[in-house]
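So that you can see what the record holds, here are the features copied from TrEMBL:
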TRANSMEM  20-40  transmembrane segment
DOMAIN    27-479  domain 'Major facilitator superfamily (MFS) profile'
TRANSMEM  78-97  transmembrane segment
TRANSMEM  109-127  transmembrane segment
TRANSMEM  133-153  transmembrane segment
TRANSMEM  165-187  transmembrane segment
TRANSMEM  199-218  transmembrane segment
TRANSMEM  291-314  transmembrane segment
TRANSMEM  326-347  transmembrane segment
TRANSMEM  354-375  transmembrane segment
TRANSMEM  387-410  transmembrane segment
TRANSMEM  422-445  transmembrane segment
TRANSMEM  457-475  transmembrane segment
Amino acid sequence: MERIDASVDPASIVRLEAPVTFKAYLMCAFAAFAGVLFGYDSGYISSVLAMREFKKQYGHRVPTSVDKTGYDYTSSQHALIVSILSAGTFFGALISAPLADRFGRRTTIIAGSFIFMAGVTIQVAAADIPGLVIGRLVAGFGAGFVSATNILYMSEVAPRKVRGAIVSCYQFAITIGIMLASCVGYATRTRMDTGAFRIPIAIQYLWALILALGLFLLPESPRYFVKKGRLDLAIQALSRVRGQPEDSDRLHDELAEIQANYEYEKHIGQVSWLGCFGGGIQNRNSNIRKVFIGTAIQAFQQFTGINFIFYYNTTFFQSIGLTDPFVISIITTVVNVCSTPVSFYTIERYGRRALLIYGALAMSICEFIVAAVWTSDANSTTANYCLIVFVCLYIFFFASTWGPAAWVVIGEIFQLPIRAKGIALSAASNWFWNCIIAVIIPYIVGPGEGNLGGHVFFVWGTTCAISALFAYIFVPETKGLTLEQVDKMMDEVSARHSSKWRVHDTFLQETSGATQDSTTAKSHS
C-alpha cells in the first residue's frame with residue numbers, strides 16, 4: 001500500500017484544501033441530481049391523487065356530492081398510498097450506512113438507483129392498491145439508499161468554501177423534481193385512460209437512469225479510501241474532485257490532513273450502531289449529541305409542514321373549493337424552485353445557523369397569518385387569496401432556509417468514523433416523520449375526519465417556532481470549515497458561540513507534535 005508523506009509544512013492552515021477547477025465544481029454538483037428522484041416521486045403522487053382516472057382505477061364509487069369525479073378512496077387508503085414511500089425510504093436509509101462504508105458511497109447510490117427503477121416498474125404495472133403500495137415501498141427503499149448516501153458523498157467531495165451551496169443543490173434538485181411532476185401531471189390530467197397517471201409514474205425511469213450513468217463517471221469519495229487505508233486510490237480520487245494533478249503539493253497537504261484526522265479518530269475503534277449513541281448528551285462533541293442534532297433537525301424540517309403542501313396541495317386546494325387546484329399546485333412548485341437558489345449565496349454568506357433560526361421564525365409568521373385569516377373568514381374569496389399568497393411566502397422561506405440547510409448540517413457535523421451511520425440515522429429521521437405526517441394528514445384535515453382545513457396552519461406555525469428555538473440552542477455554525485475542523489470546533493465551543501470560533505491548528509500539527517513529544521521522551525529515557 002502506498003502511503004502519502006504527511007510531513008508537510010504545517011505553518012499555513014489555509015493550505016488545508018487544494019484549489020478547485022470549474023469542471024471539478026460541476027462534478028461535485030452533479031451528484032445533487034439525486035434529489036430529482038425524491039422530488040419527482042413526492043410531486044407526482046400529489047397530482048395523480050386528484051385525477052379521475054387514478055381514482056377510478058384505485059378507488060371506489062361515491063356519490064358526485066362527495067367527489068365530483070364519482071370516485072374516491074378512504075382516508076386510510078389515501079394515507080397508505082402517500083406514506084408508504086417514506087416508510088421504504090426510512091429502512092433504505094438505515095441499511096445504506098454499512099453498505100456505504102463497505103462498498104463505497106458511489107456504488108451504494110448506483111445500487112439505490114436500480115432498486116428505485118424496480119419499484120417504478122411495479123407501480124406502472126400495478127392494477128390495484130396493494131400492487132401500487134408495494135411498488136412505492138420498493139422505490140422508497142432505493143430512494144433511501146440514494147438520499148442518505150448522496151448527502152454523505154457530496155459533503156465529502158465538495159470544497160469547504162462552497163460545500164453548503166453544493167449540498168444545497170440537492171434540495172434544489174428536489175424542488176425541480178416536484179415542479180416537473182406537477183407539470184407532467186397537469187399535461188396528462190385530462191386523459192381518459194390509465195396513461196393519465198402511468199405516464200407520470202414511468203417518467204421516473206429517466207431520472208434514475210441519468211443518476212446511475214452519471215455516477216459511473218464520477219470518482220469515489222477520497223475520505224472513503226482513507227477510511228479503507230487505500231491512500232493510493234484516495235490521491236487519485238482527490239485529484240479528480242479537485243481538478244489538480246496527483247503530484248500537487250496542495251493536494252497532498254489536503255490528503256495529509258484528512259489522513260491525520262482519521263488516525264486521530266481511529267483510536268476510538270470501529271463505531272457500531274450502539275456506539276453512535278455513546279458519550280452523553282451533555283458532552284457537546286459526543287456521538288449521541290451529534291446524532292440528536294442530526295435526527296432532530298431532519299424531524300423539524302418535516303414539522304415545518306412543507307410536505308403537507310407538496311403531498312396534498314392539489315387535493316387540499318380542491319377540497320376548499322379553488323377552481324383550478326392543478327394550476328395553483330404548479331405555482332407553488334415554481335415558487336419552490338425559484339426560491340431555493342437564494343440559499344446558494346445566503347448559506348455561505350450568513351451561515352447555516354442564521355438561516356435555520358430566522359427562516360423558521362419567518363415561516364411561523366406566515367403560517368399563523370394563514371390560520372388566523374382562515375379562522376375569521378373561512379372559505380371566502382379573500383381567505384383563499386390570502387392562503388395562496390402566504391403559502392407562497394412560506395414556501396419561499398422554507399426553500400431558501402430549512403430546505404437546504406438541514407441537509408447541509410447533517411453532512412457536516414459527523415466525524416469520519418460515524419459519518420455514514422450518523423447521516424443515515426438523520427436521513428431516516430426525515431423519512432420517518434415524513435411518513436408519520438403523510439399518514440395523519442388525511443385524518444386531521446379531511447372533511448369526514450378531523451376537518452381542520454386551514455386551521456392546520458396553527459399546528460405548523462407552532463412547530464416552526466419550536467424549530468427556531470431548537471436551532472438557536474443546538475445547531476452549530478459550520479460555515480467555511482473543513483469537515484475535520486467542524487469536529488474540532490464542536491469539541492471546543494457551544495453552538496451559541498460557534499460562529500466566533502476560528503481555526504488555530506490542524507490535526508496534522510497535533511499528530512506531528514504528539515509524535516515529536518513521544519520521540520523526545522524516548523530519547524531522554
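Cβ atoms here come from the backbone N, Cα and C positions, even for glycine.
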| Which whole number is the mean pLDDT over the domain 'Major facilitator superfamily (MFS) profile' (27-479)? | 84
| query | Do the transmembrane segment (20-40) and the transmembrane segment (165-187) come together with 3 or more C-beta pairs under 8 Å, pairs six or more apart in sequence? | reply | yes
| query | Considering only Cβ pairs under 8 Å, which range in 165-187, 199-218, 291-314, 387-410, 422-445 makes the most contacts with the transmembrane segment (109-127)? | reply | 199-218
| message | If contact means at least 3 Cβ pairs within less than 8 Å, sequence distance 6 or more, would you call the transmembrane segment (291-314) and the transmembrane segment (199-218) in contact? | response | no
| said: Using a cut-off of under 8 Å between C-beta atoms, tell me which stretch among 165-187, 199-218, 387-410, 422-445 contacts the transmembrane segment (78-97) the most. | reply: 422-445
| said: Let me spell it out: take the transmembrane segment (387-410), skip the flanking residues so only those 6+ beyond its ends count, and list any with a Cβ under 8 Å from a Cβ in it. | reply: 151, 163-164, 167-168, 170-172, 174-175, 293-294, 297-298, 300-301, 304, 306, 309, 320, 322, 328, 331-332, 335-337, 339-340, 342-343, 346-347, 352, 355-356, 358-360, 362-363, 366-367, 369-370, 373-374, 422-423, 426-427, 430, 454, 467, 475, 478
